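Going by Swiss-Prot, these are the annotated features:
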type	residues	note
DOMAIN	15-257	domain 'CN hydrolase'
ACT_SITE	61	active site, proton acceptor
ACT_SITE	130	active site, proton donor
ACT_SITE	163	active site, nucleophile
């Protein structure tokens, strides 16, 4: 499927998305965090000016915080804090949807790595906490809100995953299973992950008949280098549009969630998201509906264990300078698992 010349030629059923390859920041004070927030607010305005038909602008993971992995309270955010309020107001002012990244204060443990989707009226439509922090590098609390989906612009259904989440095929499958036709993936990845980034963005799309829109931070903060690499993938796994390494570029594409929904209903061959739960429906009525996967049974029973479990070397963050944790996982009050 064509990209509509980067969304310049918008179809009646099209959703135009911009992926902002934001220059990598390095804030260490509340004032610096606020200055970076204002830069993102300015990029929301740029998105609207540069493409009047754009429906959604997506910012990468770490777009406010940078890659320092600092958990300092002065650079943590909250849903009702000034940074989030400024981002919401920017969406309302410019009548555009936005996807944003915050490092969220957590009084019960380490901060969460959280993502928000805000509509064009400034309302939060989706709130997600990263399920799979990039261990052993990242110190964030494992997410406890599940994988939500929300109604998006122009009849789309959106899901959001963050960076390392996308390396687990179960994440994208859950998004699709809950109805998402467009999955957003925000990241701070650096160049060594480039190949894995591309193939997982493609496989996540193809195996679930879902369009994916993914973007990393870009450029250098003097220590770390992020790669940009914005990428749109169609539901058949083909790349529709992609960016390079130019910081602050907004890469745009028109997606067609209506064609995703059509494929999910009408495809026979490689309708994998359906066939996964209806094995061999040519031979048996409705297909086999059982669960033959040992790891699924074990994970749900709390006994997930690999044959080589005792030999795994890295099982905490000590190799990256973090103290070994002493507490067990406990969902925060009010979470879906509490």
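Placement of Cβ uses the backbone N, Cα and C atoms for every residue, glycine included.
Remember, predicted model here, so these are calculated numbers, not experimental data.
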Alpha-carbon distance [residue 163 (active site, nucleophile); the residue listed as 'active site, proton donor'] in Å: 9
Predicted model, mean pLDDT over the domain 'CN hydrolase' (15-257): 98
Residue 163 (active site, nucleophile) and residue 61 (active site, proton acceptor), Cα-Cα, nearest whole angstrom: 7
DSSP three-state assignment for the residue listed as 'active site, nucleophile': helix
In the chain carrying residue 163 (active site, nucleophile), residues 6 or more apart in sequence that have Cβ under 8 angstroms from it: 61, 130, 134, 185, 186, 187, 188, 189
Lowest local Cβ density (other Cβ within 10 Å) among active-site residues: 61, 130: 130
